[in-house]
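What Swiss-Prot records for G305, A306, A307, T308, G309, S310, G311, G312, E313, I314, R315, D316, A676, S886 is ATP binding site. Under the heading Mg(2+) binding site, Swiss-Prot lists D677, E716, N720, D884. According to Swiss-Prot, the domain 'Glutamine amidotransferase type-1' annotation covers 1040-1293. Here Swiss-Prot flags C1133 as active site, nucleophile, drawing on sequence analysis. Here Swiss-Prot flags H1258, E1260 as active site.
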Amino acid sequence: MEIIRGAPALSAFRVQQLMKACDAAAIPVRHIYAEFMHFAHLTNALNDTQTLQLASILTYGPAIEAHTPKGQLYLVTPRPGTISPWSSKATDIAHNCGLSQIKRLERGIAYYVEADTLDASQQKALQALLYDRMVEVIFDDMAAAETLFDRTEPKALASVNVLGEGRRALEVANSRLGLALAEDEIDYLVDNFVRLKRNPNDIELMMFAQANSEHCRHKIFNADWTIDGVVQDKSLFKMIKNTYAVTPDNVLSAYKDNAAVMTGSVAGRFFPDETGVYAYHVEPCHILMKVETHNHPTAISPYAGAATGSGGEIRDEGATGRGSKPKAGLVGFSVSNLNIPGFIQPWEAQYGKPERIVTPLEIMLEGPLGGAAFNNEFGRPALVGYFRTYEQEVSSHNGVEVRGYHKPIMLAGGLGNIREDHVQKGEITVGAKLIVLGGPAMNIGLGGGAASSMASGQSSEDLDFASVQRENPEMERRCQEVIDRCWQLGDDNPIQFIHDVGAGGLSNAFPELVNDADRGGRFNLRNVPSDEPGMSPLEIWCNESQERYVLSVAPENLARFEQICLRERAPFAVVGEATSEQHLTLADSHFNNKPIDLPLEVLLGKAPKMSRDVVSKKALSPALDESQITVDEAVTRILSLPTVADKSFLITIGDRSVTGLVNRDQMVGPWQVPVADCAVTAASFDTYAGEAMSIGERTPLALLDFGASARMAVAESIMNIAGTDIGSFKRIKLSANWMSAAGHPGEDAGLYEAVKAVGEELCPQLEITIPVGKDSMSMKTAWEDNGVHKSVTSPMSLVITAFGVVQDIRNTVTPELRSDKGDTALLLLDLSHGKTRLGGSCLAQVFSSLGDVAPDLDDSTTLKGFFEVMQTLVADQSILAYHDRSDGGLFTTVTEMAFAGNTGAEIDLSALQGSDLARLFNEELGAVIQVSQAQAEAITAQFIAAGVACHAIGGLTEHNKLVVKDGSRVVFQQQRSELRRLWSQTSYKMQALRDNPDCALEEFSLKQSETDPGLTVKLNFDPSQDVAAPYILKGIAPKMAILREQGVNSHVEMAAAFDRAGFESRDVHMSDILSGRISLDEFQGLVACGGFSYGDVLGAGEGWAKSILFNQRARDEFSRFFERDLSFALGVCNGCQMLSNLKEIIPGSEHWPRFVRNRSERFEARVSLVEVQQSPSLFFEGMAGSRMPIAVSHGEGLAEFASMQAMTAAESTGTVALRYVTGTGEIATQYPQNPNGSPNGLSGICSTDGKVTIMMPHPERVFRTVANSWHPDNWGEDSPWMRMFRNARVKLG
């Protein structure tokens, strides 16, 4: 084993954060230093050249000064017997660089802690801060790392002696293994194994428990119900299915696959053909939709729980039909009170929590990062979400009790596209190969399905922790590329049937795969790829290692499938084959036995059906006492409530531009304020048709009225999507995610009431279908605190996601108030007809009350009328701004619109009934629209004719104030900047705890500025002019290599941009270059695309670059290309980082910087303003001096020069091509206008001859005007960024 020191693992402020954590835990530490340590397992010794080569490969990150660390060593490494995702990717890079003697690379972090002697409890507390005990260990000396490469022998099978000891043996196993089997299930298993005349193996019991858990089988939703002694005629699931029975229109697949499918638009799907050439394929672009929850893992380990929640949902989408394409995501969180240190709010009572779960603050600091990181690395934009905090002692249907989200809701969902011929699963033929595609088995995530089906606190802490999975999004990206290549083959798609591997691991996925196709299967356990050779059969078969799919491929198509996988470097293995007999056999060649030998009907067939006999309860809660509440105090508290407040800290961490198909993300207007009501995507690059999605949830209302909460969730999702051009209710489909504390008094009957309200009544009346959903029935946390029994129970929680087919994405209306449209009016659309019910409102919450009566949708025809008029006005472009009334009431609606428009507003309440507080803060269904004064009267008449109350309530003002009047009486007035401070301070506090606090403060200050002009545009050319047109007319399309490496995710939009400019875009994988299948000699141009090559394990883009520099074939290819006279190259984001590390073979690039961690130490997704500099770059010919917004999405974009002299040289040679600037045109030095901290705002640079340009921002994602988060109204189809691609075409003549 060789040991190689690496770069510092923690920046100064990360060390400071760790020191603060030590201080909070009463660990007396004086200083901590941390650095990466690399361990190389060799088959034979390296020579001197190879040693230097390995040292170069492992040199990344900040430069390290030679020194000897001081203090006690805590060496954190992956758990011996495992292979980390870092290891597999770094080892791949080493092999691609020709270092075949390296059997494996592994990495750890050496923490050197200077402290006085720590006692055992302090040592334990310190270690808890330094490592993840599920996947890591701590050593106290370097030599111990040798055990990382020890090989352990497989553990043997265990059986349970049911024949000898009877039922008792199974009861003991149930508890020991955390199976969560019900009494009747234990009886069922005993009866079946007695009938089979053999004892069950532990693997069979775990498999049964996972496959039949509440999580997987949805027993409560399929149960028979008796309520208050009356037998109900329908199950919950039947009531949901009723929506499809009544309105099957536009539903292509429901209730039977990993996601539902609805009819989409006809568009030109853009992808490469079998020769690798990208082209448009005009066909139906159907929409798949799925929303999952990952609540239990997120409560235990927030980052991993949220990351694998997003990853699992993405796999569900990709595994729909015979393979499909995930497109855009959503995320949501409900947690108990944050209790931010130094910022605890008046309504936040300290109730405590059990030790085994983390705090709500930890969930919201770490969980969103996990979800965002997975989406970012996979390459899916996360475009919409919600965040609610709720924890309160209330008087509800059970008297006084604490309700809240100690068990959080972590929502992960999204939409994708699927070909018409692939919507339905195919037939698994007898003898078909049954394949696992993706990462290796690891001993993590055991029993997740059963664990998440229990109320928190019913299982042991070790079992809880064992049930959390770990993530590797770059692996999932590789798998998705394989699926993409398969569905792109159309009729020749080799995939017959596909499922994702989720709860229960292979033990659930393979039986489900064959059972759904009416087949059985013969499997070989030792064919399952594994990174832990010491695992038992149960651990191999039942673990929930992520990033895996199971699928069937006919034997005659196996060679083609293998070829695709090898090109994408996606691991796969044939684990079994399909049989005609519905029997499951798992052979173990190592022990020469059969761990599983069962008829499928025992596993999945006739398990006992659940019956629930429950009693309903009604809430009795006192009304909110308004007598001691002032409007000013209400405003201060409500704008600080996380449910209402600025959610920037949850949004800028997530890529919102990848794919180049995003039309509407969360950020609105020139000031990029996060107030969008919905997300909108384009169906493709050649159309204005698209898709929209929105979220609705009003969960606290359920504490007063279950049915009202459900109706309001559905209605809110409609209100949020109403500003898009959909046309008809029948073009909207809903996902329903139901969360409940089943068994808690009153909750079961309440759940039934809520499902009935939606499934039997409201949705059929609206002609809306719910073709997909999910349930989580254990939303309760119980624990003992010094002998006192405590519990926190969530409200019955329905989260609705609406998905719609958009006719014209250009017509989408946002909440941005327009001050450039002449005389305008603000109209309040009130669907409650004057009611001001405050029960369950944010106003009640921030004054520690629940209230008495909840708002409700009293008449579905009102919502229908509202939607129909809205659709007419949206299509006519008669509405300037739109925002629905929801959390925080009318005051919040208007205030957020003013923030988005950076303007003042004045509203008059005199047309409304009720107290000041009730009028301003009720959360009845409604919306505010801005219309031209000339049209206000006619629009008002349209709404009134449709049964919707409509009131003129005010307009914009010249001053930067929000003024509320009641006739002549001033009810409230305040500077917009002060309201923005109140609204954004929660986000600032969270950002300062999580990220670089200096950056957080700079952004918080900018938000309060009254002089910031926001995003501005200055163009020195005509973007509507197609300068490439004369050359395209020649009929010659120069060949462009769209270069990608494993983990790259921005290649399709790049290909589309060059295709539009007249190039022949060709898909080129690095494996094509390394294998010699493709030569760069064929191409005039090369573009290295953005993403996360190799998961950025050796620094962003550095592993990719080194696999070129240290591989002779690749080095020769690239060197020849760069030295050619008529070649050119572009590197964007990850491609920029990669090319910056190829300086030694790119002429004229010797002064280029490399790109390192952003100053904020966070992934930054922004719309930034850049100015084109005068430079020799062929891409920016004729564009100098132009200032334009552009998408930025990266974690390592800070330009770091080798020296001050190198930076001076780069500036003096005039090769700086782009700079970040402010809205007034100055070089941006402050965050976030300079999103990464690069010196002098540098964001792009070129070679001295202008042939090679590298840039961190993404022009390919915004080459269409509709793909920009904000743009001036007068831009046409092409945004100004299209010019740079056309300039390249012009250069070739």
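The chain as shown is numbered from 1 upward.
Each Cβ is built from the backbone N, Cα and C atoms, and glycine gets one as well.
Counting other Cβ atoms within 10 Å of each Cβ, the lowest count among the recorded positions A307, A676, C1133 belongs to A676.
Whole-number maximum of the Cα to Cα distances across the ATP-binding residues G305, A306, A307, T308, G309, S310, G311, G312, E313, I314, R315, D316, A676, S886: 33 angstrom. Taking CA atoms as the reference points, R315 (ATP binding site) and C1133 (active site, nucleophile) are 26 Å apart. Using CA atoms as reference points, the recorded positions D677, C1133, H1258 were checked against G309 (ATP binding site), and the closest is D677. The Cα of C1133 (active site, nucleophile) lies closest to that of H1258, out of the recorded positions E716, H1258, E1260. Counting only same-chain residues six or more apart in sequence, the Cβ atoms lying under 8 angstroms from the Cβ of E313 (ATP binding site) belong to K290, V291, E292, G329, A412, G413, G414. Around the Cβ of D677 (Mg(2+) binding site), the same chain contributes S694, M719, N720, I721, A722, G723, T814, P815, Y882, H883, D884, each under 8 angstroms and 6 or more positions distant in sequence. In this structure, D884 (Mg(2+) binding site) is part of a beta strand by DSSP.
Taking the centroid of the Cβ atoms of D677, E716, N720, D884 as the Mg(2+) site, the other same-chain residues with Cβ within 8 Å of it are C678, S694, G696, S717, I718, M719, I721, A722, H883, S886, A927.
Ranking the recorded positions R315, H1258 by C-beta neighbours within 10 Å puts R315 at the top. For the recorded positions D884, E1260, the greatest number of Cβ atoms within 10 Å around a candidate Cβ is found at E1260.
Rounded to the nearest whole angstrom, the C-alpha distance between E1260 (active site) and A676 (ATP binding site) is 24.
Annotation note: C1133 (active site, nucleophile) sits in a coil segment as assigned by DSSP. Averaged across the domain 'Glutamine amidotransferase type-1' (1040-1293), pLDDT for the predicted model comes to 97. Other C-beta atoms found within 10 angstroms of the C-beta of E716 (Mg(2+) binding site) number 26, with every protein chain shown included. Looking at E716 (Mg(2+) binding site) and G311 (ATP binding site), their Cα atoms lie 27 Å from each other.
Neighbours of N720 (Mg(2+) binding site), defined as other CB atoms within 10 A of its CB across all chains, total 27.
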